[in-house]
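Chemist: Quick one: the structure is below, and I'll ask about it shortly.
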Amino acid sequence: MPGTPQKNKRSASISVSPAKKTEEKEIIQNDSKAILSKQTKRKKKYAFAPINNLNGKNTKVSNASVLKSIAVSQVRNTSRTKDINKAVSKSVKQLPNSQVKPKREMSNLSRHHDFTQDEDGPMEEVIWKYSPLQRDMSDKTTSAAEYSDDYEDVQNPSSTPIVPNRLKTVLSFTNIQVPNADVNQLIQENGNEQVRPKPAEISTRESLRNIDDILDDIEGDLTIKPTITKFSDLPSSPIKAPNVEKKAEVNAEEVDKMDSTGDSNDGDDSLIDILTQKYVEKRKSESQITIQGNTNQKSGAQESCGKNDNTKSRGEIEDHENVDNQAKTGNAFYENEEDSNCQRIKKNEKIEYNSSDEFSDDSLIELLNETQTQVEPNTIEQDLDKVEKMVSDDLRIATDSTLSAYALRAKSGAPRDGVVRLVIVSLRSVELPKIGTQKILECIDGKGEQSSVVVRHPWVYLEFEVGDVIHIIEGKNIENKRLLSDDKNPKTQLANDNLLVLNPDVLFSATSVGSSVGCLRRSILQMQFQDPRGEPSLVMTLGNIVHELLQDSIKYKLSHNKISMEIIIQKLDSLLETYSFSIIICNEEIQYVKELVMKEHAENILYFVNKFVSKSNYGCYTSISGTRRTQPISISNVIDIEENIWSPIYGLKGFLDATVEANVENNKKHIVPLEVKTGKSRSVSYEVQGLIYTLLLNDRYEIPIEFFLLYFTRDKNMTKFPSVLHSIKHILMSRNRMSMNFKHQLQEVFGQAQSRFELPPLLRDSSCDSCFIKESCMVLNKLLEDGTPEESGLVEGEFEILTNHLSQNLANYKEFFTKYNDLITKEESSITCVNKELFLLDGSTRESRSGRCLSGLVVSEVVEHEKTEGAYIYCFSRRRNDNNSQSMLSSQIAANDFVIISDEEGHFCLCQGRVQFINPAKIGISVKRKLLNNRLLDKEKGVTTIQSVVESELEQSSLIATQNLVTYRIDKNDIQQSLSLARFNLLSLFLPAVSPGVDIVDERSKLCRKTKRSDGGNEILRSLLVDNRAPKFRDANDDPVIPYKLSKDTTLNLNQKEAIDKVMRAEDYALILGMPGTGKTTVIAEIIKILVSEGKRVLLTSYTHSAVDNILIKLRNTNISIMRLGMKHKVHPDTQKYVPNYASVKSYNDYLSKINSTSVVATTCLGINDILFTLNEKDFDYVILDEASQISMPVALGPLRYGNRFIMVGDHYQLPPLVKNDAARLGGLEESLFKTFCEKHPESVAELTLQYRMCGDIVTLSNFLIYDNKLKCGNNEVFAQSLELPMPEALSRYRNESANSKQWLEDILEPTRKVVFLNYDNCPDIIEQSEKDNITNHGEAELTLQCVEGMLLSGVPCEDIGVMTLYRAQLRLLKKIFNKNVYDGLEILTADQFQGRDKKCIIISMVRRNSQLNGGALLKELRRVNVAMTRAKSKLIIIGSKSTIGSVPEIKSFVNLLEERNWVYTMCKDALYKYKFPDRSNAIDEARKGCGKRTGAKPITSKSKFVSDKPIIKEILQEYES
């Protein structure tokens, strides 16, 4: 494996902070050999040396269990441990000479962020890598909100959520190494590349060009490209990359001279050494420049740049100022620019041209060779010019199109000063003496302007690709804002403080980036594979309690002179009551937890709050990290608690424990983050998180954040951590490296080609032995990376234990996993790529495009929420001067929707809330934040004041004035989560299995429990699905697996009885294919009754809550014990009694008894992360999966893991799983597990064909479309049913006699007409309207309204009518039309939403009618049409254009059937005006009203410019004017 040269050898690798002088080499060499000589098996755990308390003495490593510190001076003379391993094993290599670089000075970064100078940096630290014997739990990690059953709860998760007990934090520091790269090899490879510059315009040449040159241009340089070292092959930090040469060699005199100055790093390097495992080595001498071409270009632009034979040595380039000046023009370090083939990329030279097959043929060369003597040279030259011009024109067109797309991608919804957003259009790599590797990125901005960005150490180690988005946060130390490096300004000696963020539109949490420091692979796997199995953790629960106790205590102290222990105990008791259930499921007593908090935290919190939460900093001495100094710092105010900040500038997000105002020396106030930790461990990830919080605050408030405060509740004092430029750079490097694994979430993947799923390399460290995701990591290593025991780094035999089960069918397993993992990734790209729209579109643009946003808002009123303590209702209205604003009802935001509130200056997610009400002029949002805008800018004084959200003293009038210093936007919170749960479900097929019933002891709680099959991999499903093992059934002559007897008076038909018998004889699984209306729910309820009567436990699950509840409603009159998991407001009122109430649970045994005695547990497929599934003593005997044909295979695998046998019920002739990505759909993701098993093993299927829903005519349609006459009516009564009209004569009163049209409404409502296609081809006024992706048809909406009005006036109840459409824009229009009390009970849904439901009468609006006869793509899916038709019981009315709908080939024969049966009713020209119903016009007007007259403004007409792109409003105005 790249970067993992060791084989089962371990060393105690070290991370050191720079400090003092270089000393003798021999000592550390001997120590390294001693370490290497140790055996792999460790007899004693390593102890953790104290931090910030180490002296730089010459201390050798002893064999004691505690590894003592080694002086930094000794460590500096060592090479990396893995190089020593090679040296020892081969006994041929010598350690490289060390190098000490001159000390750098630190400078402030930019207006966005100020960084502290060297005096606040740490002194000397030596930290040993170790593997703790017991799990070392962090006190604060972020739980995944995705797939949470209650979406509301995940909108504002705590920064200290409960984390599964088995997930443990392992402190480890990476020390990854790759073999040295041979620079000569790079030069040789580049020399083989034929590359030429292409001019911007091709004109007649003065002389004949070589035909090879022309062919090369035509073919697009189809030569072998030099390879760029993959990032996975690089070390964990750029500092230690051995294949890239370092700065100039330092001679002995310079070393002696610099001994007194220490290392060159700026400020605090304790974090940097952990991030980078820093080392220095002697650089090879180099006299030539190596230029690498880009090999990673995805599309469009590609630059060709080659090496001239006459390339001159640039060893003389030493002047950094000269280098910087050259870089500004994009021509830095080019060889002999007048004569070199490597020239600067022109605007039109960045597209890769793939020639056709004929251009690749040699026939053109042969032809030219044969005719060369017969044709005049100028004729050949003219012909060649024509070819070149043709190619050039094609290139220019393609390039312009690509560049336009890139420029669009580079636009930002809210540009910021000092932040530049660019898209890479081409790139190249250059090897320079005394500089090392340099990459030159040709970029384009949102205005279409191109520029060059020069990237050096450390940013050069990122794998840039064409099309990547970068943010440059401009600093102030270097004049060239397009140079990203560690170089110093030669005049001021200040370090380059420009920062780079790669793929900034993916936001990573501070916790994720912090954990990546120890192991990048582990962090990536946790994010991409969400394991729903978790165990309760007392440590996490305790951390939550202590966090909230400290936060409450701080808030109390702000308004009181002192806090007493009595107050703390009072607050603690309240918190213990809140967390009582969490404590109980940890098998602990509440009193014990209280004593623990009082013993280990309460006294410290009391001392800390009384001493440090004070207006004055007198006596509040705070230690400064990395130094022996202290500084008076107090917390004079608290700005916010649990502040949630999203930063699309830095590509980061996080919850801050507290944002505080710190009073430092000379009463200078600073806004800084206060990070609270409650555990015993001291992890470098805490420092990473804290520094990330400084960046987040810098983005939110646009002020310098110079440090952060860290407080451990087990201590009485806090520590100040200065914000250091070098540390910030490497934290962003870690974040940027993570982003490369999630690029698919930014752009939708369209191609069907399978992409490679790459992971960071194995850490191969001692911490791997106790890693909580070791099984997943090694299985993936085997499936994706052809892993071997030697490369795993695990103790001997362990890799085989974890992966040997894959050997029996490894090739098939690899193919299966790779295929479906790729399909999940493609689908994930389509789901998540829309997330960035929130950041990249300004509010008005997003509102006009999609309606998912309301823009230009101001606060009109703020009131406290009457029902929810600590909540407020913010009322928003449009700006007063905005006369052109649309009605808020025109948006897609509705009551009870979750929304995100941001300001229009680029500060996103100020808070999240739920819509309380919305009307044309106002919208009310319930939030838990008192102030939205607490940033007050005095432009005259140039001072920014930050108001406290916790203790705001503003009056109502001042509050609103303060809030309206900015304008707001409200976005519908449809941020899509990744498919990490589905990806883990797929992986679980290949994890090692666990034998059930084995006694195991939990290492933390010491409790003994028996294993369950669900604790390991899903071996049974793997054999059935991947190995294609056929399911087994008991023979009809044998007794069934589950003995049963049906009652004599049962109403079940023969089909249903056969289906039940199939289930009871199944040894693995059974499938029930239930056609529409055939009683699937009844059969499932009967099966549950039989299984429970035989003592079996059942897990009932489906994709939707309604499907689960429909089955439970049929069981409500039984004595079966049922537990319905889910939030009450999502559960049907009739089944809410089954939602568990744990108030009666007083102990851990009470809880176990309650869940283990429950016969039926019901939940959705995505609700399987409940703690019940972990604490269950046994898995379920049966899992019943309803709606199985609508669930994609990876999602269905989740609940099936928890049962010994399973039953799937569905109909794959109805709606398939919803798949957004076309490539994923065509690749097979749309094929459900139900359909797969139906087709592979039809003997496992029981069909239900007798239906009791639809009349005979409607069944005819369904049989014609799908079922080939298999579907039958259950009895004659069902066959002959019709829609009854109690008062049909009422319609005559509403006829418009002036209209010549016949009384079409009475005709189509005639009860004998059970299927009607209402064809309006003769009505010219009815035509579709298309606005971007929104397709509506107002004429059809009016016809639908008249049909509903006609039925209501004829006596048909609203509850018996359903309105359906296939288009969501039409759905919104219909809902607005019927938004009146008189239509209560009328359901208006899409075909997908109507699945599983039925009505006596269904009206379908087909929408499409246009002159092009384009019927659209939705009708091509016959399964969707089938669902639409089969929702009706006794009457089906289809409103559409026969000519347009009939143009769809897939549906043409269906239209012909309607004509043959005389079911098409063609309307007359003026049919729209035949009836006039009461309040009809008012309903339409209110639904469509998008604007009204404004006082003092010119009236808007249908010819106004304002409505030119608003066809709905334009049509309304035309109706008014007519």
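Yeah, the Cβs are placed from backbone N, Cα and C, and that goes for glycine too.
This is the feature table in Swiss-Prot:
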BINDING   Cys519, Cys768, Cys771, Cys777  [4Fe-4S] cluster binding site
BINDING   Gly1074, Met1075, Pro1076, Gly1077, Thr1078, Gly1079, Lys1080, Thr1081  ATP binding site
MOD_RES   Thr4  phosphothreonine
MOD_RES   Ser17  phosphoserine
MOD_RES   Ser237  phosphoserine
MOD_RES   Thr962  phosphothreonine
REGION    1-29  region 'Disordered'
REGION    77-119  region 'Disordered'
REGION    140-160  region 'Disordered'
REGION    239-270  region 'Disordered'
REGION    283-330  region 'Disordered'
REGION    450-900  region 'Nuclease activity'
Chemist: For Gly1074 (ATP binding site), which of the recorded positions Cys519, Cys768, Cys771, Cys777, Thr962 has the nearest Cα in space?
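Modeler: Nearest in space to Gly1074 (ATP binding site), counting only the recorded positions, is Cys777.
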Chemist: Sorry to bug you, but what's the C-alpha spacing from Thr1081 (ATP binding site) to Cys777 ([4Fe-4S] cluster binding site), rounded to the closest Å?
Modeler: 41
Chemist: What Cα-Cα separation, expressed in whole Å, is found between Thr1078 (ATP binding site) and Cys771 ([4Fe-4S] cluster binding site)?
Modeler: 51
Chemist: Report, in whole Å, the straight Cα-to-Cα distance of Cys768 ([4Fe-4S] cluster binding site) from Thr962 (phosphothreonine).
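Modeler: Counting only the Cα atoms, the answer is 53 Å.
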Chemist: When the Cα-Cα distance from Cys771 ([4Fe-4S] cluster binding site) is computed for each of the binding-site residues Met1075, Pro1076, Gly1077, Gly1079, Thr1081, which gives the smallest value?
Modeler: Thr1081
Chemist: Please report the Cα separation of Gly1077 (ATP binding site) and Cys519 ([4Fe-4S] cluster binding site) in Å, rounded to an integer.
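Modeler: Taking the Cα atoms only, Gly1077 (ATP binding site) lies 54 Å from Cys519 ([4Fe-4S] cluster binding site).
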Chemist: Tell me, how many other CB atoms lie within 10 A of the CB of Thr1078 (ATP binding site), whichever protein chain they belong to?
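Modeler: For Thr1078 (ATP binding site), the count of other Cβ atoms within 10 Å is 26.
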Chemist: List the same-chain residues at least 6 positions away in sequence whose Cβ sits under 8 Å from the Cβ of Pro1076 (ATP binding site), in sequence order, or say none.
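Modeler: Within the chain, Pro1076 (ATP binding site) has Cβ neighbours under 8 Å at Asp1211, Gln1214, Gln1251, Arg1253, Met1254, Ser1262, Leu1271, Asn1426, Val1427, Thr1430.
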Chemist: Tell me the Cβ contacts of Lys1080 (ATP binding site) under 8 Å, same chain only and six or more apart in sequence, or just say none.
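Modeler: Correct list: Ile1072, Gly1074, Asp1186, Val1209, Asp1211, Leu1248.
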Chemist: Under DSSP, is Thr962 (phosphothreonine) helix, strand or coil?
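Modeler: Once the DSSP labels are grouped into three classes, Thr962 (phosphothreonine) ends up as helix.
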Chemist: Name them in sequence order: residues not among Gly1074, Met1075, Pro1076, Gly1077, Thr1078, Gly1079, Lys1080, Thr1081 whose Cβ is within 8 Å of the mean position of the Cβ atoms defining the ATP site.
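Modeler: Near the ATP site, beyond Gly1074, Met1075, Pro1076, Gly1077, Thr1078, Gly1079, Lys1080, Thr1081, sit Asp1211, Leu1248, Gln1251, Arg1253.
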Chemist: How far is it from Gly1079 (ATP binding site) to Cys768 ([4Fe-4S] cluster binding site), counting Cα to Cα, in Å?
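Modeler: On Cα coordinates alone, these residues lie 53 Å apart.
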Chemist: Taking the Cβ of Cys771 ([4Fe-4S] cluster binding site) as centre, how many other Cβ atoms lie within 10 Å?
Modeler: 23
Chemist: If you measure Cys768 ([4Fe-4S] cluster binding site) to Thr1081 (ATP binding site) at Cα, how many Å is it?
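Modeler: So the alpha carbons of Cys768 ([4Fe-4S] cluster binding site) and Thr1081 (ATP binding site) sit roughly 49 Å from each other.
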Chemist: Using a 10 Å radius around each Cβ and counting other Cβ atoms from all shown chains, which of the binding-site residues Gly1074, Gly1077, Gly1079 yields the largest count?
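Modeler: Neighbour-count leader: Gly1074.
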Chemist: If you draw a 10 Å sphere on the Cβ of Cys768 ([4Fe-4S] cluster binding site), how many other Cβ atoms land inside?
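Modeler: Its Cβ has 25 other Cβ atoms within 10 Å.
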Chemist: Determine the minimum-neighbour residue: among Cys777, Met1075, listed as binding-site residues, which Cβ has the fewest other Cβ atoms within 10 angstroms?
Modeler: Cys777
Chemist: How many neighbouring Cβ atoms, not counting its own, are there within 10 Å of the Cβ of Thr962 (phosphothreonine)?
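Modeler: Its Cβ shell of radius 10 Å holds 19 other Cβ atoms.
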